[in-house]
Structures are given as structure tokens and as C-alpha cells.
Amino acid sequence: MHAHVILAAGQGTRMRSRLPKVLHPLLGKPMLLYALEAALALKPERLVVVVGHGGEKVVEALEGYPVEVAWQKEQLGTAHALLQAEGLLRDFPGPFLVTQGDTPLLSPRTLEALLRRVREGAGMALLTAELPDPTGYGRILREGEEVLGNVEEKDAPPEVRAIREVNAGAYAFDGFLFQALKEVRNENAAREYYLPDLIAIYRAHGRRVLAVRGVAEEALGVNTREELARVEGVLLRRLRAEWMGKGVRMILPETIYLEPSVELAPDVTLWPGAVLKGKTRIGEGCEVGPYAVLEDTVLEPGAKVLAHTVAQGAHLHPGASAGPFARLRPGAVLMEEVHVGNFVEVKNSLLHKGVKAGHLAYLGDAEVGEGTNIGAGVITANYDGKRKHKTEIGKKAFIGSNSVLVAPVRVGDRALVGAGSVITQDVPEGALAVARERQKNLEGYALRKLGEG
């Protein structure tokens, strides 16, 4: 049994953004949720998030999670922020885990190691990391596992600055925590209350303070846009490695972007520059071409999305293909062996087995029957200025190039629509519909007009 407090009240001025720092996205979800999910993995008895700057937005992001919220009205430092949780946890005996909402790489395994030290008798345990360049971090002084102190860089003599072990900002405490917090002073230039001051307070009360050295990568926090990009890069490398280990082929993996919510099957091939977002699910043997973007899209086994295609909320069945340069909007469903080619846009439409729309077409709010061919430049005119209307095209129909089907309208099975037609009435099964002005040839007109006759 333990309680976990996540500190998420900071303003994040160096981000230069109106969005609260902890809500900046990493691979499609707010940074704070990474810290929250790591905390939940250990099944805490109580989970408190301390919010402050932009707190209303932060609380919205926490909706649906089993958390309690404490408010830090004034941002007076990390120790002051933690003290705001006392009202919720006053009767909780401990131990307590404390992490930061802007440190999203911490693993449950590392947090468990901190908690174990306190359960084994330490009063306080803190996570440390050895950094190649510790500039800007407080240095850890210790003997063995015992922490003697934390020296801020500005106060450190040269021999202390040479130390590369730093405080990573994650802690475990025993039940003495809130009493100790009340002894923290703000005798510093910023007039703020800092968590590292608890090291000296715990030691003064005869309680052991131990260090747990973690992986340097996990200690990475986010205070700037550059650091945000660095952390996102770490998350991406982990995710790519995980999927390649499960049988996904990535060509130039460092160029591929994907989010944790994406699901991939073995023998999927991802070409350079592919972007996979949201609840995208890609089946076995599928291929995603260079610079294709898939969001909330399903590719069933054997489907292909070719270069520079954008698909949002689409569903491609086995053997279907789209692209290059196609656009599939929400509700686009391509059944088996459908092909949608270059510069074809499909929105809220069902294309049955074997439909071909090779180039330069718009199919919106339509249902197209099995085996039908859609010529170049075909448009389903679905919007009358007030409402959307449906176009229905039967099986094995042929819609000639540059035709416009003005919805609501139906073209029957095996019907033909002549090129360049504007269809405003239903076309019966097996009929030919031609709706265009008859061609006239005026002999000699051009020569006379140009004065060369």
C-alpha cells in the first residue's frame, strides 16, 4: 500500500506557450499522462495530482483517471507544491512516491526500486542519474547508498561541479513526509521551497536518505521545446525498437513517426517518412509507402497505402490499395481489391469489391457497387448548399471521365455514363446516359475567325 503524488503545477515559462507545460503532447498524448500511467502501473492506494498554472485544462486532461486533485494557487516551489496534498493525505500513513509531471520517461520498475528502499527502512529515497553533461543540475554527495546532501550548481565549488551524479527529481518518503515539509525554508534567491532540502531535514531527524541510481535517459525532464523534442525522440526510438522486435520492417526507421496507440502486425512494411497516428491498426503483410499519413485508420491484411497518401478514419479491406497521392477521409471504406489512385478523394463512402477509381476523382457520400469503374475526373456532387446527399452506383457500372453525378441520384447495375455528362436523374440498369451538348463542327470557322481563310 502506498500513495503517489505527481507535481504538475509549474508554469513552464521556457516553453513559451499558452498551453500548460505538462499538457504538451509527446507522441500524440499529453506529457502528464506518461507520468500518470507509470504511477498507475504500481496500483497506488491513493493518487494525487497537484495542479496550478492552467489547472482547469490539466484537470480536463485527467478526466476518466482515478486521481484526486490538489491545487497550488501560488507557484512557490516543489516542496510547497507537495505540501498542498496534505489535506488529502493527512491520515495516510505512507509510504509516498513523488514524481514530476514533466519527467515522462520514468519506468514503473524504477519507481518500484525507490519504494522498496523506504519499505526496507529508509526514511527517504531519491532517484539519481549520472549524466555526461550535468550542467544546470544539483550534484549529489553520498557515501555508498547514503545521501549526504544535494548541492545546487551555483553554490558548488569546482570539485563538486566535477561530480556527474545528479538529482533526477523522483522520491519515496516514509510517513514523516508532511511533518518534514513544514520545516523547509525559503532562504534562497527565488524565495521558494525546494524538495531537495528534505535531505538535510530527514538526516537531522536521524532518518536514512538513500540514493537509487537510475538510467540517465529516465532522468530527462522537459523545460524547453528542445528538451521536449529530445524526450519525444527517446520515446520514438523505444517504440520503433519494440515493433521491429515483433516483426515489423521499418526502412530508415529514424524517419518513421508512430504513436503508442498504433497497432502493427508482423510483416508490416513501413517506408521512410511514414506517419501513423491515433487508433491506426495495420494487419499482417500490409505496406505503408513513403510519406503516407494514417490516422485512426484500419488496414486489413494485405492492404497497401502508397506514397504521399493521407488517410483519416478510413478502413481498407484485404487487397485494397490507395495512392499514390490519394486522400481518404473519415468514413471511407474500401472493400477487397478496391483501388483508389492518384489524386482521388473518398469521403464517407463505401466502395464494394473490385471498384477502380484510378485518378482525379471525388467520391463523397457515395456507395459504389462491385466491379464498377470510375473514370478520371468523376465527381459526386453531394452538397446542395444546405445538406449532403447520397450517390448510389450499382455493380459493374462504368462512369465516364469528367462526369458529374448530382446527388441524390442512382446509377443502376451495368449502366454506362458517357464522358463529360452531368447526371441529375437516375440511370436505369443497363442503360447509357449521356447528358451533354451534341458536338457541332463549323467548317472553316477557325480560319475565318483568325483571318487566315
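A Cβ is built for glycine as well, from the same backbone N, Cα and C atoms used for every other residue.
Acetyl-CoA is bound by Ala376, Asn382, Tyr383, Ser401, Arg436 in Swiss-Prot, and the record lists one more residue there from Ala357, Ala415, Ala419, which is Ala419. Counting every protein chain shown, the number of other Cβ atoms lying within 10 Å of the Cβ of Arg329 (UDP-N-acetyl-alpha-D-glucosamine binding site) is 16. When the alpha carbons of Ala9 (UDP-N-acetyl-alpha-D-glucosamine binding site) and Asp102 (Mg(2+) binding site) are compared, the span between them is 10 angstrom. The DSSP breakdown of the region 'Linker' (226-246), given as helix, strand and coil counts, is 20 helix, 0 strand, 1 coil. In this record, acetyl-CoA is bound by Ala376, Asn382, Tyr383, Ser401, Ala419, Arg436; the longest C-alpha to C-alpha distance in that set is 22 Å.
Within the same chain, the residues at least 6 positions away from Tyr362 (UDP-N-acetyl-alpha-D-glucosamine binding site) whose Cβ sits under 8 Å from its Cβ are Val344, Glu345, Lys347, Val378, Ile379, Thr380, listed in sequence order.
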